[in-house]
Amino acid sequence: MAMAAAAAVASQGLLATSSQQQKKSSAKLICNAATFFSGKRLLWVKSCNNGAVGLRASGVRCEAQAIEREAVKADAGNSREEDAFSGLKQVCAVLGTQWGDEGKGKLVDILAQRFDVVARCQGGANAGHTIYNDKGEKFALHLVPSGILNEKTTCVVGNGVVIHLPGFFKEIDNLESKGVNTNGRLLVSDRAHLLFNLHQEVDGLREAELAGQMIGTTKRGIGPCYASKAIRNGIRVSDLRHLDTFREKLDILYRDAAARFKDFEYSSDEVNAEMEKYVKYAERLEPYIVDTVDYVNAAIAEGKRILIEGGQATMLDIDFGTYPFVTSSNPSVGGICTGLGVAPNRLGDIVGVAKAYTSRVGSGPYPTELFGEEGDELRKAGFEWGTTTGRPRRCGWLDIVALNFVCTINGFTAINLTKLDVLSGLPEVKLGIAYKTPSGEKLRAFPADLSILEQVEVEYEILEGWKEDITKVRSYDELPAAAQRYVERIEELIGLPCQYIGVGPGRDALIVKQ
């Protein structure tokens, strides 16, 4: 029905190209495509580039409305952002589309002002989010959800997260030293698994064992902790309430590590010292511990708005990423259901966050990677050093093949394109639009076989660059024409709107594209 409605609009000539006179008095379309809704987004309809027509959808009925330039300017800024954000469903998720470091934290921080609960569903301290408050103060978070800066938001660390308590408390102390109150606003799942220092030590031993085939782990102990969970000798947050059996479970972890790695040595004194720490940790963590599955689902039933913050990104997903150069959890949409206990039919909007180019920390295939001076320039322009590790990130052009793959898996309803400003000043920009084998065969989909992925030749589409500094731009129609063409070409190739466009690190450096 939505398609028929759109066709009816088009047949009436409402999407016709404007005359030269109309161009002077009318605004360039805020978006070169219109989105129609009937409960969910069903259709992405291209419209002309220079028309002065906006489309509104109510159910499956569409209405065309001329948009005058002055009216667009009057509606720019906060009112336009409010309209875009208020349209989000009750349960909304923000997920990474690449290899992490896309800038998810910033969008979550902005959206959190409009949601009652912000929840993390997977990963651990290997996921780093850098956000800024209204004063411009920088916060690097690893376990605490990004919504913590919004004082009316409750933050949830779900059952799918692995928690290193020393690091968790350090984040809390840092937040409170800067005036951020976490009391009653930060909840930790009683089902979440605890990550111990021994997991971090084992992580390093495992990497050393692999020698030349290192995965490039952050050495934060994430993989070993999830391994403990999988073989069912992990220790959960709820175990802190049973200290009489805690020591025995801790002993098992140490014995298993020593049996697996000859270089892992420990003494009973070391285990005793660790036990003493966790007796204190148990007391401090107790006020934060709740059954988050019950809490989140009760909040949904009460009509509260839930925002889910994914850590890392789909190209690092243990099932769908470039295995084995991946993380140990599911940073894709499935991880929301298993990591929070939220049913699939409860999920509404799912926003995928993608850089206007790509970056990756650590080892693994990376088809569009730039080497030498080109890669160095992009790294410097984007300040591409890992939030968690401090390691320089590998940088390259936007990979449309990989992006289409993750869009299919996650069912994104919109894209947040970040760091568009980093590409300013380049004479040309490229999009990796297809993979070919050395024999010239074009691949239909993103390959699972790394031996194929490592040999693919990328087919690029070259677009004109732009010289202008766009960090002060807050309206889409004020972007340089070349920047708009770049955004719109991405939309055409992935079949989704780039509804949010980042043009700088600050909270306000965001264009909401209607």
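Positions of Cβ are set from backbone N, Cα and C atoms, glycine also.
Taken from Swiss-Prot, the feature active site, proton acceptor covers Asp101, and the record attributes it to sequence analysis. Positions annotated as active site, proton donor by Swiss-Prot, on the basis of sequence analysis: His129. According to Swiss-Prot, the GTP binding site annotation covers 100-106, 128-130, Arg393, 419-421, 502-504. Residues or ranges marked as IMP binding site in Swiss-Prot: Asp101, Glu102, Gly103, Lys104, Asn126, Ala127, Gly128, His129, Thr218, Arg232, Gln312, Thr327, Arg391. The Mg(2+) binding site annotation in Swiss-Prot covers Asp101, Gly128. The substrate binding site feature in Swiss-Prot is assigned to Thr387, Thr388, Thr389, Gly390, Arg391, Pro392, Arg393. Look at Swiss-Prot and you will find 1-56 tagged as transit peptide, backed by sequence analysis.
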Proximal but sequence-remote residues of the same chain as Gly103 (GTP binding site) (Cβ under 8 Å, at least 6 apart): Val353, Lys355, Asn416, Thr418, Lys419, Gly502
Nearest of the recorded positions (Asn126, Gly128, His129, Gly390, Pro392) to Lys106 (GTP binding site), judged by Cα-Cα distance: His129
Of the recorded positions listed as Gly100, Asp101, His129, Pro392, Leu420, the one whose CA lies nearest the CA of Gln312 (IMP binding site): Gly100
Spatial separation of Val503 (GTP binding site) from the residue listed as 'active site, proton donor' - C-alpha basis, Å: 17
Euclidean distance between Cα atoms of Gly390 (substrate binding site) and Gly100 (GTP binding site), Å: 14
Residue among recorded positions Asp101, Gly390, Pro392, Arg393 with Cα closest to the Cα of Thr130 (GTP binding site): Asp101
In three-state DSSP terms, the structure that Lys106 (GTP binding site) belongs to: helix
Cα-Cα distance linking Pro392 (substrate binding site) and Leu420 (GTP binding site), given in Å to the nearest integer: 20
Assigned conformation of His129 (active site, proton donor) - DSSP reduced to three states: strand
The one of Gly100, Gly390 whose CB sees the fewest other CB atoms within 10 Å, among these binding-site residues: Gly390
Among Lys106, His129, Arg391 [recorded positions], residue with fewest other Cβ within 10 Å: Arg391
Nearest of the recorded positions (Asp101, Asn126, Gly128, Val503) to Arg393 (substrate binding site) - Cα to Cα: Asp101
The residue listed as 'active site, proton acceptor' versus Asn126 (IMP binding site) - Cα distance in angstrom: 11
Shortest C-alpha distance to Pro392 (substrate binding site) - which of the recorded positions Asp101, Gly128, Val503: Asp101
